[in-house]
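Listed features, source TrEMBL:
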TRANSMEM  7-27  transmembrane segment
TRANSMEM  33-50  transmembrane segment
TRANSMEM  57-74  transmembrane segment
TRANSMEM  86-109  transmembrane segment
TRANSMEM  130-154  transmembrane segment
TRANSMEM  183-202  transmembrane segment
TRANSMEM  222-243  transmembrane segment
TRANSMEM  249-273  transmembrane segment
Amino acid sequence: METTVDGLVIGSLYALVALGPCLVYGLLRVLDIANAAALTLGGYLVLVLAERADSPLLGVLAGLAAGAVLGWVVQRWIYRPILDRGPIVTLVTGIGLYIVATELFRLVFGPSQRSAHVELPLPDLDLGGVRLEGIDVVVLSVTVSVIGATWYVLTRTRSGVLWQAVAQDRNVAGAVGINAPRVIAAVFAVGYLLSALAGALLSVKYDAVYPTLGDIPAYKMLAIIILGGLGSPVGTIVAALLIGLVESWVVASFGFALPRDAIAFVALIVMLLNRPQGLIPSRVVKA
């Protein structure tokens with residue numbers, strides 16, 4: 001049971017990282033690897049403000065704000081000028097941006113792993129013999145809240161209608177008066193904010209921050225988005241939770257962590273061979 005809970009916690013972090021790029025892909029058919037830089041940024045801001053201001057909560061809030069700003073800057077000054085040059089150009093650009101960001105983190109914070117030393121004033125929970133740490137409660141609660149908020153926005157608000165319209169055809173959406181660039185900017189900002197939130201939670205849970213913190217989440221994010229169904233938020237969330245669960249079960253069965261990081265791509269290969277449209281294909285069809 002503890003293995004299952006651990007898998008849900010890990011899967012929740014994957015969902016936070018993958019949800020933003022999934023929404024971006026739904027809009028633009030762009031796989032945004034650079035999003036993972038926001039994860040590392042969120043982790044470092046928690047570290048810095050925990051050390052200098054003794055306020056990890058302030059670090060989380062600063063990470064959210066910085067992530068949103070980074071998302072806006074990336075879409076406005078990097079992606080927008082190259083959107084019409086094809087998916088390969090945007091993919092390679094995103095990879096390059098992430099590498100540049102990683103080297104900047106290395107220059108500013110050093111190459112070594114650092115500890116955040118954040119202790120949450122939350123008691124551990126014992127649920128029927130299953131021990132749940134305070135940070136795990138926070139991760140699960142935050143993820144449920146984010147999923148609920150995302151579902152509500154996409155299905156019950158005008159913002160969700162605008163997302164659907166731009167996802168179907170941003171040129172037609174612009175022709176009928178929808179401010180497509182503003183919708184795209186908002187989705188990028190939210191996506192990077194969620195990654196920064198995941199990075200903050202990750203740094204607290206594992207008490208570690210380092211320049212390449214986003215490396216593994218970056219490639220798992222791609223696998224999860226494809227597994228779930230490109231552009232499908234529900235599919236992405238389901239795939240993220242399944243990958244987290246399977247990883248935990250495999251590690252518990254083998255007794256060591258070596259297979260964990262290969263599982264997402266093994267699952268991806270199997271899925272592409274048998275169901276290339278993904279678990280839950282997106283209902284938005286690009287015109």
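Glycine residues also receive a Cβ, built from the backbone N, Cα and C atoms like all the rest.
At the 8 Å Cβ cutoff, the transmembrane segment (33-50) and the transmembrane segment (183-202) share at least 3 close pairs (sequence separation 6 or more) and count as touching. Contacts between the transmembrane segment (7-27) and the transmembrane segment (183-202): present, as 3 or more C-beta pairs lie under 8 angstroms, all at sequence separation of six or more. Take the transmembrane segment (183-202) and the stretches 57-74, 130-154, 222-243, 249-273: counting Cβ pairs under 8 Å, 57-74 has the most.
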